[in-house]
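In what follows, a single structure is set out as structure tokens and then discussed.
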Amino acid sequence: MLSKFDSLSSKTKGVIFIVLSALSFTGMNTFVRLAGDLPTMQKVFFRNFVAMVFAFFAMLKAGDSFKPKKGSVKYLLLRSAAGLAGVFGNFYALDKIELSDASMLNKMSPFFALVFSALFIKEKVKPKQAIAIAVAFIGSLFIIKPTFANTDLFASLAGFAGGMAAGGAYTCVRWLGIKGENGRLIVLFFSVFSCILTVPYLIFDYHYMTAFQWFSLLMAGLFAAGGQFAITAAYTHAPSREISVYDYSQIIFAAIVGFFVFGDVPDLWSFVGYIIIISMAVWMFLYNNRNHALKNHG
């Protein structure tokens with residue numbers, strides 16, 4: 001089996017890993033919701049505690065240095081703060097709205113990553129990319145449904161803000177990657193940072209958990225760690241332009257799990273939003289590949 005996998009092209013391996021990461025993050029979201037009525041901070045702590053343990057032992061096994069590269073600490077802190085805000089927004093939304101809606105709002109992150117990369121890394125945003133960002137934002141409004149009649153408006157906005165924060169985190173990860181920072185150290189730093197900031201909430205507002213809730217949060221943490229390592233492996237094997245669109249398979253998985261496990265049925269407006277955002281993601285995917293091909297033949 002492994003020899004067959006080794007014989008696959010780098011792109012195929014990248015696609016397999018990114019689909020595995022999408023499955024893993026769907027599993028994480030599912031168990032976060034199954035954990036039930038617990039404070040969001042408590043869920044965030046346990047999700048990151050498990051990831052911290054995994055990242056620590058992964059670094060030990062690889063013989064990595066635990067010392068960040070010179071000039072990295074500031075961006076590791078920014079990445080961690082943005083990442084924590086992203087996880088908090090996503091988890092809060094998961095408790096209040098449909099699984100696929102929360103997942104789709106979180107998938108606004110690549111579009112925000114383009115915006116933040118332009119603002120802070122000075123990467124140029126081309127006109128077609130700007131159009132895709134604007135149209136994807138319009139698509140998100142169909143999911144958020146910003147009217148006073150929407151009783152879940154705050155949760156939807158939290159999910160959207162979580163996607164925006166995640167886009168900021170990915171921008172910092174990109175900068176750290178350019179500077180050659182270790183990916184496992186980035187994961188560990190974020191996990192430790194998140195645990196330190198959320199542990200005071202546990203001390204002062206810990207809610208008793210049943211055996212099933214303990215199990216659910218343990219599984220959420222395991223799936224989160226699996227998703228982190230799978231997505232890192234995906235982008236190690238293939239560039240973003242070749243595989244990023246496959247990350248949207250998470251919406252399909254979330255819709256299936258949401259329907260069969262929670263009885264979620266997104267409304268028509270949400271489906272319109274899904275189509276708009278995924279269409280823009282596919283358009284960007286094709287546009288980036290075409291640009292790359294033209295450069296290579298130029």
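Positions of Cβ are set from backbone N, Cα and C atoms, glycine also.
Automatic prediction, not curation, is the source of TrEMBL annotations.
Per DSSP, the secondary structure of the domain 'EamA' (13-144) breaks down as 108 helix, 0 strand, 24 coil. If you look up TrEMBL, you'll see 13-144 marked as domain 'EamA'.
Residues or ranges marked as transmembrane segment in TrEMBL: 12-32 (among others).
Sequence annotations record features per position, and here TrEMBL assigns transmembrane segment to 44-63 (among others).
Taken from TrEMBL, the feature transmembrane segment applies to 75-92 (among others). Sequence-remote contacts of a segment are chain residues at least 6 beyond its ends whose Cβ falls under 8 Å from one of its Cβ atoms, and for the transmembrane segment (75-92) they are 29, 32, 40-41, 43-44, 47-48, 68, 102, 106, 109, 155, 158-166, 168-169, 172-173, 175-176, 179, 181, 186, 189-190, 193-194, 197-198.
Here TrEMBL flags 130-148 (among others) as transmembrane segment.
The transmembrane segment annotation in TrEMBL covers 154-173 (among others).
Per TrEMBL, the feature transmembrane segment maps to 185-204 (among others). Long-range contacts of the transmembrane segment (185-204) within the same chain: residues 39, 41-42, 44-45, 48-49, 51-52, 55-56, 59, 64-66, 68, 76-77, 79-81, 83-84, 87, 169, 173, 176, 228, 232, each at least 6 residues beyond the stretch ends and with a Cβ under 8 Å from a Cβ of the stretch.
For the transmembrane segment (210-231), the list of distant contacts is 17-18, 20-22, 24-25, 27-28, 31-32, 34-36, 38, 43, 46-51, 54-55, 58, 187, 247: same-chain residues at least six beyond its ends, Cβ to Cβ under 8 Å. If you look up TrEMBL, you'll see 210-231 (among others) marked as transmembrane segment.
As annotated by TrEMBL, transmembrane segment applies to 243-262 (among others). Here the transmembrane segment (243-262) has Cβ contacts under 8 Å with residues 11, 14-15, 18-19, 21-23, 25-26, 29-30, 33-34, 98-100, 102-104, 107, 110, 231, 234-235, 274, 278, 281-282, 284-285 of the same chain, all six or more residues outside its ends.
Marked as transmembrane segment by TrEMBL: 268-287 (among others). Outside the transmembrane segment (268-287) by six or more residues, the chain places 98, 100-101, 104, 107-108, 110-111, 128-129, 132-133, 135-136, 138-143, 145, 241, 244-245, 248, 251 with a CB less than 8 A from a CB of the stretch.
Per-residue pLDDT, averaged over the domain 'EamA' (13-144), rounds to 92.
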